[in-house]
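> The structure under discussion is supplied below as structure tokens; questions concerning it will follow.
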Amino acid sequence: MNLMTFSTFLFISTVGLVSTSKFFTVKNQIPLKGYFKTVTMFFIVNVVNNQALNFHVPVPLHIIFRSGSLLATLILSVVMVGKSYSARKYISVFAITIGIVICTLATSTQGDSGLSMEEASKHYKEWTIGIIMLTFALLASAVLAIYQQQMYEKYGKHPDEAMFITHLISLPFFLIMGSDIVSAATKLSASAPHSVFPWLPSLWVDLIASCLLQYGCIKYVYQLNSRVDSLTVTLVVTLRKFLSLIVSIVYFKNPFTPQHWLGAILVFAGTLAFADIWGSQTANKQDEKKKQ
């Protein structure tokens, strides 16, 4: 995962260097010091989320857990910024929390058959560490959202520049994981040739495809965040997470019990309720009637 994350950051930085920065000939609208907190938190969130997969955290649970970012955002927005929310939003956050708890408990009870007591104990301990890492990343992602909002409020919204600089400045941090990245790259190079591009190892082709898809998703979110309200951004990101969940279940063949489905429904329904989609649609219709 470290190689995949590094490759995505490098790809986005390279594209931004050519198309956005014009090889550093275009002056930044946001000073570098304005990116410091955002870049630091952004890198930590990405790395911790990826490392959690090394501690027996299933991909579906990983996605569901990250979908609870609204909960962390609400709590930290109240604590750090002093915002207030309606009862509807608190209820929706409660639904999200219950959904995450249900999925977490359902996953923790899926023991591996044939494991000795010692192996089972080690597995559970590692799984617990993974959950703690996801919890930390959840809170850190909420802090990141607050930092980004404060940065845009202070310097203005410049999505292309923010996307480029945020990923570029993060690259040196990957030196910490240099040995792991090199080891993963060696394994990818040893994979069988690709059927369509026989001069390339198949896993390298998969990595390139992943970078392209990640670039498209990340760029779209940055652009969306600068052009529409947070309601639309929340809705789109939630639907993307739901699609990722379905794809991961099919692709990785993870066991998905009725408890997981109940938890997933609560998480995503709670997220949509938090965004107050139905209330906003009603308000828009009333505004249209007044204009008529």
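For all residues, glycine too, the Cβ spot is worked out from N, Cα and C.
Straight from TrEMBL, here's the annotation block:
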{"type": "TRANSMEM", "residues": "6-26", "note": "transmembrane segment"}
{"type": "TRANSMEM", "residues": "38-57", "note": "transmembrane segment"}
{"type": "TRANSMEM", "residues": "63-82", "note": "transmembrane segment"}
{"type": "TRANSMEM", "residues": "89-107", "note": "transmembrane segment"}
{"type": "TRANSMEM", "residues": "127-147", "note": "transmembrane segment"}
{"type": "TRANSMEM", "residues": "168-190", "note": "transmembrane segment"}
{"type": "TRANSMEM", "residues": "196-218", "note": "transmembrane segment"}
{"type": "TRANSMEM", "residues": "230-252", "note": "transmembrane segment"}
{"type": "TRANSMEM", "residues": "258-279", "note": "transmembrane segment"}
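I'm curious about the neighbourhood of these features; can you describe it?
Packing against the transmembrane segment (38-57) from elsewhere in the chain are residues 1-2, 4-5, 65-66, 123, 126-127, 129-131, 133-134, 136-137, 140-141, 143-144, 147-148, 151, 162, 165-166, 169-170, 173, 177: each is 6 or more residues past its ends and has a CB under 8 Å from a CB in it.
With a threshold of 8 Å between CB atoms, the same-chain residues lying at least 6 positions outside the transmembrane segment (63-82) that come near it are 49, 57, 89-90, 92-93, 96-97, 99-100, 103-104, 131, 134, 137-139, 141-143, 145-146, 234, 238, 241, 244-245, 248, 260, 263-264, 267-268, 270-271, 274.
Nonlocal intrachain contacts for the transmembrane segment (127-147), taken as residues 6+ away from its ends with a CB within less than 8 angstroms of a stretch CB, comprise 37-38, 41-42, 44-45, 48-49, 51-57, 62, 65-66, 68-69, 71-73, 75-77, 80-81, 104, 107-108.
If one looks beyond the transmembrane segment (168-190) by at least 6 residues along the same chain, the residues whose Cβ comes under 8 Å of a Cβ in the stretch are 2-3, 5-6, 9-10, 13, 16-17, 32, 35, 39, 42-43, 46-47, 201, 203-204, 207.
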> Counting only residues 6+ away from its ends, which parts of the chain sit with a Cβ under 8 Å from the transmembrane segment (196-218)?
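Residues 3-4, 7-8, 11-12, 15, 163, 187-190, 240.
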